[in-house]
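Colleague: Quick one: this structure, given as structure tokens, is what I'll be asking you about.
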Amino acid sequence: MEDRRAEKSCEQACESLKRQDYEMALKHCTEALLSLGQYSMADFTGPCPLEIERIKIESLLYRIASFLQLKNYVQADEDCRHVLGEGLAKGEDAFRAVLCCMQLKGKLQPVSTILAKSLTGESLNGMVTKDLTRLKTLLSETETATSNALSGYHVEDLDEGSCNGWHFRPPPRGITSSEEYTLCKRFLEQGICRYGAQCTSAHSQEELAEWQKRYASRLIKLKQQNENKQLSGSYMETLIEKWMNSLSPEKVLSECIEGVKVEHNPDLSVTVSTKKSHQTWTFALTCKPARMLYRVALLYDAHRPHFSIIAISAGDSTTQVSQEVPENCQEWIGGKMAQNGLDHYVYKVGIAFNTEIFGTFRQTIVFDFGLEPVLMQRVMIDAASTEDLEYLMHAKQQLVTTAKRWDSSSKTIIDFEPNETTDLEKSLLIRYQIPLSADQLFTQSVLDKSLTKSNYQSRLHDLLYIEEIAQYKEISKFNLKVQLQILASFMLTGVSGGAKYAQNGQLFGRFKLTETLSEDTLAGRLVMTKVNAVYLLPVPKQKLVQTQGTKEKVYEATIEEKTKEYIFLRLSRECCEELNLRPDCDTQVELQFQLNRLPLCEMHYALDRIKDNGVLFPDISMTPTIPWSPNRQWDEQLDPRLNAKQKEAVLAITTPLAIQLPPVLIIGPYGTGKTFTLAQAVKHILQQQETRILICTHSNSAADLYIKDYLHPYVEAGNPQARPLRVYFRNRWVKTVHPVVHQYCLISSAHSTFQMPQKEDILKHRVVVVTLNTSQYLCQLDLEPGFFTHILLDEAAQAMECETIMPLALATQNTRIVLAGDHMQLSPFVYSEFARERNLHVSLLDRLYEHYPAEFPCRILLCENYRSHEAIINYTSELFYEGKLMASGKQPAHKDFYPLTFFTARGEDVQEKNSTAFYNNAEVFEVVERVEELRRKWPVAWGKLDDGSIGVVTPYADQVFRIRAELRKKRLSDVNVERVLNVQGKQFRVLFLSTVRTRHTCKHKQTPIKKKEQLLEDSTEDLDYGFLSNYKLLNTAITRAQSLVAVVGDPIALCSIGRCRKFWERFIALCHENSSLHGITFEQIKAQLEALELKKTYVLNPLAPEFIPRALRLQHSGSTNKQQQSPPKGKSLHHTQNDHFQNDGIVQPNPSVLIGNPIRAYTPPPPLGPHPNLGKSPSPVQRIDPHTGTSILYVPAVYGGNVVMSVPLPVPWTGYQGRFAVDPRIITHQAAMAYNMNLLQTHGRGSPIPYGLGHHPPVTIGQPQNQHQEKDQHEQNRNGKSDTNNSGPEINKIRTPEKKPTEPKQVDLESNPQNRSPESRPSVVYPSTKFPRKDNLNPRHINLPLPAPHAQYAIPNRHFHPLPQLPRPPFPIPQQHTLLNQQQNNLPEQPNQIPPQPNQVVQQQSQLNQQPQQPPPQLSPAYQAGPNNAFFNSAVAHRPQSPPAEAVIPEQQPPPMLQEGHSPLRAIAQPGPILPSHLNSFIDENPSGLPIGEALDRIHGSVALETLRQQQARFQQWSEHHAFLSQGSAPYPHHHHPHLQHLPQPPLGLHQPPVRADWKLTSSAEDEVETTYSRFQDLIRELSHRDQSETRELAEMPPPQSRLLQYRQVQSRSPPAVPSPPSSTDHSSHFSNFNDNSRDIEVASNPAFPQRLPPQIFNSPFSLPSEHLAPPPLKYLAPDGAWTFANLQQNHLMGPGFPYGLPPLPHRPPQNPFVQIQNHQHAIGQEPFHPLSSRTVSSSSLPSLEEYEPRGPGRPLYQRRISSSSVQPCSEEVSTPQDSLAQCKELQDHSNQSSFNFSSPESWVNTTSSTPYQNIPCNGSSRTAQPRELIAPPKTVKPPEDQLKSENLEVSSSFNYSVLQHLGQFPPLMPNKQIAESANSSSPQSSAGGKPAMSYASALRAPPKPRPPPEQAKKSSDPLSLFQELSLGSSSGSNGFYSYFK
């Protein structure tokens, strides 16, 4: 029995402790320890060593608790040292495991509580409590971690944990791929993480690996569940799967079927205005002849709880018999009714809907009569008010425009007189001018990783300049046209009230502010805080004719006052006289705000004043000692209200100056008494001799508080030495200052202004109180450093470090510096994303907090909060303050609402046009309703209900306006509604949080941030998702509340998106535990999260566009040329049934783009015609996942189980044909075509791809890709902001500034036979992606073939899976060239139009049928006959210079510079990408380039026509694949065989005319180029001044950062063209361990690969740099899903097998080079082609695996590797260098028009209409960017000599690099001279051979020198021009990517 004694004693000790019998507990502990002592020798009867260790630790902990309670502190401390020493010596993990075990059994709580109480009370007899504090921290960390694990979210994890032994924290929710888990950069680098256990990134490689394992194990479980389910699949799932797999989906499900008439009541789309609503629909189905109804079922899962079948009756029109329907019925099975020979039969079906929350709900009902198609009907209900917020419309009265800044070059500026700027201020403004060149800003210090002692000044100077440019840019967005009321005087009410009178001929002007300029918007905040002058331009009644050479006058006016509603201006005498202004009249003026540069100049000045920055980088190697004595601790003069921690702080501050201390940090959240503590310390310091105190605060109100509440009463009590001097800003209006404070200020005798202090004034006072801004006055008084002995900075966390150091210029090493603040509150706002990345916004307090070790004595946390309820404190303590806070105040709670309460609203967040903000109407109504309810139930204990009682906080201005408006309607205007930024320092009895964001627009990152590059906090993502990702924002908001925090939001989104999801998990779990989770159950949240993560067949897209077979689509587009449109503004997206469910419920999209948040232009496809029957084969199931925001596509049964594939949801309105990524294995299923697979929309963040089931992860081939595209697309579409090419005045809005509106010519497109190719219409409707956002880059799509069906034969180390190849004969040469010549010489001349950007999308369909011609007879609706053969022969080879899919341009006329008769350059209609039939759609997202699948729609042969006839019925919709499948004999380009080069073969590429810098210009064009160019603020491109007058709104231009993004994404990764592929073209040659032979043998001998010959397809045809030689990690080569049709061969195109009797797709043989020589023109870029190969199809094509390097918001450009880019300006595969030269010569001969005979018929589609001019580089998308290999080639790879020669020839002959710079491209990474040489020399030496001319960093710093235009303008020195040169992104406008180049 003895071996159980110790354990028993330990248990008894625990019981005694809980009973508070401490002496007995002590006794039992001692017994247990003594018992354990005897087991120290090897005793086989005793417990095992681990058990001994556990009992020992437990007993010691109980002993410590008992000793503390018995006040035996010394013994407790000794035991504590013992437990820590032993526990940690044996490994911290083991020790923590014991603690976790105790916590799970509930044994840790009593110990932890006692420890916390002991340490937060009085100091333990003055002893040092370092060990006890450390133990307490360990215990609280353990409790936090364990409680998170137990919070209910990870029940399944705990289950797994018990069996699989998981050791780390549970992973974050909402992850849809194990690749999304990341490592926490901050933790790895600094060993601490602000998020603690709540961090969504792993804190070690081991934790990361475990998370990935857990994810995999959950996926396996899901797969098993699916396999089990498959045996007994439900009717609904079977039906959906059948529909998905059907060749003719409309034959499976349809909205109308023959012989059944459907009537419904009410409308299918209903809006209800109350939250608690009930709705029923009755469907009457009249069957003639009579038929049996077998089933009625509801299909859509996500909203199932809200819908049910309530009644079914059957009979004739007069008598109905009710059928039995179970309760909450989801599927009713009938078939038992007798029809008694009736000729007709009527069924009535009742569907009920119930909701108690606001939101949008959808359902699909199917009625199965035993025949197909099955009838379906879709219903939608919107539980939200749809009233327009009229006042918001009213707010649009202020016309906000973007225009050129007014400066002395464009206007005559009349300065305001008298000018009150002091000489010192003038000198500062002059001294700190923004440097004029980039290399002065981008110094090494800015590019350094962090702030150091050595780079301190230079780095902060540069970042301040960069921030100034960003502020300037933000403020430049506003020209306001306003009615200015002229006043002679005005009155202000309130505390700061008083009257002001104009004197000396001056007048006041007043104008009203609207939401546009309130503190709630970014720019508004800037205007309210950083602007003190405006330029004013009178708007004349009639437009005056301006004479040449005269400049308009603008007048400077100063801002006199800013109130919440008005701004008051002071107008100068000269202005009033010249404009003849009179009081009490109105005049219309245009205003431009002028940034006040002075505060930034003062920060520069402060930086230069800091002589010794050692104070700012304290040495922490030696721990300082703060002397302690009982006399000091219990000094009677200390205020008795001070708690222990506050006393500790006072002791540290008042430590004798002889003892040097680093800056003392007093950390504490609001409500812990920081100001009180500092004030007590001041009183104490004044008792020491020779001390002088400087108190600095961030705000005037806080400074006044010291005087009013502390110093004034102290002076009045008889302490004259404490008399403070309050220094105020000299222009502050005296009347606005509190009377008590007046007596401590220096006020001029006239009592009108404050005076600047003189040195004597300072010497007279021992206490000086200033704000950080006014502290600079003291610096100007020549006070010697060290004059103040103590410098106390309050609110130190709210100021940037540059502001905080102003007063520190007066400090020395001996000065006692104290910083008080809350490091977890919001940091100051910085407008420049670049500066934010480099931590310009971080406060000194924040930086030192991280610099000091955890238990540093100068880092004191005040931990008793007196303001909030205990539940609120405990939550914030646990999550934000390491468990150290405790509630000391007694705040009453509400009887009905627990202090943490959650109200569910399932709305959708929307972004308005011209707004960077979001709103969510469902939340607006929920908040208002709950506010009303709370007011009715206001407890007496909460006191009077007044203005400060209820606060509503949200991160977005738009939501603020909407909630205010709704409250106003309910007469609840006393409720405070604010943005979080504006509530710091305020407090409310009740606080409502509206979180706004949902998965509707927040797409979770689909790719990992590069490991170890986890986003840094305060990155763009934080700003972007508000409460979902910025923990400081969340903490700031929650800590405002005293008794109740009520959150209104979408719980699924909160728990699955953003870096705060674990904080929200905990919040919702607490609400659940306390029964305060309303509107959804905890179980539902868990189920939906699991469904979301594991991609069950849970949700399908309710907004799914209707399926129209391709053939019908073509007919329809022929019958209408209506534009696709978005829902009207101000109207609910789901307002009518038409909007939602009919394919022509269409409204015109508004082309305006967001101000400050540009998004991409997007062109919808043509709508379908007016034949409802033909066009109506709508999607039967709602296919949007409400949680991920993605659409979901069922995968056919070959996968086993109802696996679902996520596909992007491009547009949430009707009539838009969906673009879905389809797995190639279901290409055989017509359902794929139902989704218009060839028009595949790029994936975005929101489309998780379930490659987990044995498919390739997103990094399969590792290609960067536009991750943000779909997000933008989604936002844009959702708001109807689609940029369509509207003719008329709106056309201007979608052009870049230099594009003037053109009148599109009406062209008879049908007259060109090529235009009638089946794909020419749908193929061009690609959304442009040239408006990037700030998301991470994603790996690009690569068309990866499916792996072998037998995983066991998978070949390791193989980058690309082998493919079968069959030889295939070449085609005869088509006779199309004459026609082409005719077309290509047909460019219309358009003056005034500069080459268009690839930012928009070609809108060919809209014109395709404008002048219809009688079509020739067709083979099938999908394949038109006749001259269309040209289409089948169209070229499809690698097209090096074609822009990516998204880069196609809306119809625009060709540039003016290329006159019709003289230019060899031709516009090319973009045969739009038929987006990749992704060979594995489980690969990643966003193929931004010309997709590989494009091949499928353009290689068609004459042989194909015959096959088409045979296959017509089956393959009507397969236009792009048919020719392949039927063995059309399009030739493939072959490998290098010089003897075959002469063969005339049809082209396989669309020839792209290269951009030439020296285009032949017409006279008018030349004039235009002569004009000097200035930069335009949001554009990187330049435009001439004459064009600027007509620019569109700045907000609508592509943001500067777009260049950087495309720089990574869009540059082609192949090196320049080579004469013919050298030996390195062998695709296996990249991998050292493979050669062709080995591969052949290996594959050929493998029974699993019967037909697999060496595939020459996937590897790029050039040598890879050495770093890319490694094979990919094994995880990227996961085996694919098994192919289940054993008797069918698996073929790469049709998926594993193709059952339709078509032969397998042949591949090109590896021999025979293929070079086209036709009309003296060599084919461009004949790279080896395979329709599914990943050709270098666009400039964004093929980086190698290693180059996959997405950039997160926190990932600056210069940290990324240089990737290759392509220059294929002239000819890629020319037979000889001479040919190359000849061809390039032709390029330079501008009059030689005949030399450009393009051989691709497709290339001239629609020539005479305005077509894209493809080679114009814009925003980084140029094809002509110089290859990185030429600039800085990888050292290890030397291309073969012939390749180098060819590269050089090409580049040198035809490519002038300056055009890139001139047109807004990136600078070369070598000096211009060198480029010129390489561009004009014809020496065989390639630049690739040389060393890199310039490092990347130096390229960043080097000022790029553009090719000067004929007359180079003098560089403008104003900040805006400079901004455009640097094109830095500002946080709101550019959202985060900036280019560092010109």
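Each Cβ is built from the backbone N, Cα and C atoms, and glycine gets one as well.
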Colleague: For the feature phosphoserine in Swiss-Prot, which residue out of Ser1177, Ser1614, Ser1620 does the record point to?
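Modeller: The phosphoserine feature in Swiss-Prot corresponds to Ser1614.
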Colleague: Select from 178-206, 265-293, 555-583 the stretch of residues annotated by Swiss-Prot as zinc finger.
Modeller: 178-206
Colleague: For the motif 'DEAA box' (794-797), report the average pLDDT of the model, please.
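Modeller: Mean per-residue confidence for the motif 'DEAA box' (794-797): 90 out of 100.
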Colleague: Using a 10 Å radius around its CB, how many other CB atoms surround Gly673 (ATP binding site)?
Modeller: 24
Colleague: What binding-site residues in the list Gly668, Pro669, Tyr670, Thr672, Lys674 lie within 10 angstroms of Ser248 (phosphoserine), counting C-alpha atoms?
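Modeller: For Ser248 (phosphoserine), the binding-site residues whose Cα atoms are within 10 Å come to none.
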Colleague: Taking the centroid of the Cβ atoms of Gly668, Pro669, Tyr670, Gly671, Thr672, Gly673, Lys674, Thr675 (ATP site), which other same-chain residues have Cβ within 8 Å of it?
Modeller: Asp822, Leu862, Asn865
Colleague: Pick from Pro669, Gly671: which of these binding-site residues has the biggest number of other Cβ atoms within 10 Å of its Cβ?
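Modeller: That would be Pro669, with the highest Cβ count within 10 Å.
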Colleague: Among the binding-site residues listed here, Lys674, Thr675, which has the most company in the form of other Cβ atoms within 10 Å of its Cβ?
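Modeller: That would be Lys674, with the most Cβ atoms nearby.
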Colleague: Which chain-mates of Thr672 (ATP binding site) that are at least 6 residues away have a CB under 8 A from its CB, listed by sequence?
Modeller: Leu862, Cys863, Glu864, Asn865, Tyr866, Leu885
Colleague: Reported in the order helix, strand, coil, what are the DSSP residue counts of the zinc finger (178-206)?
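Modeller: Tallying H, G and I as helix, E and B as strand, the rest coil: 14 helix, 2 strand, 13 coil.
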Colleague: What does DSSP say about Gly668 (ATP binding site): helix, strand or coil?
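Modeller: Looking at the DSSP assignment, Gly668 (ATP binding site) belongs to neither helix nor strand, so coil.
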Colleague: Provide the three-state secondary structure of Ser248 (phosphoserine) computed with DSSP.
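Modeller: It is coil.
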Colleague: Relative to the Cβ of Tyr670 (ATP binding site), which residues of the same chain, six or more apart in sequence, are found under 8 Å away?
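Modeller: Listed in sequence order, they are Asp822, Gln825, Arg867, Gly985, Gln987, Thr1039, Arg1040.
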Colleague: By a simple count, how many Cβ atoms lie within 10 Å of the Cβ of Ser248 (phosphoserine), its own Cβ left out?
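Modeller: There are 19 such Cβ atoms around Ser248 (phosphoserine).
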Colleague: How do the residues of the motif 'DEAA box' (794-797) split into helix, strand and coil according to DSSP?
Modeller: 2 helix, 0 strand, 2 coil
Colleague: Cβ-Cβ under 8 Å from Gly668 (ATP binding site), same chain, 6 or more residues apart: which ones?
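Modeller: Lys674, Ala820, Asp822, Leu861, Leu862, Cys863 - these are the non-local Cβ neighbours of Gly668 (ATP binding site), listed in sequence order.
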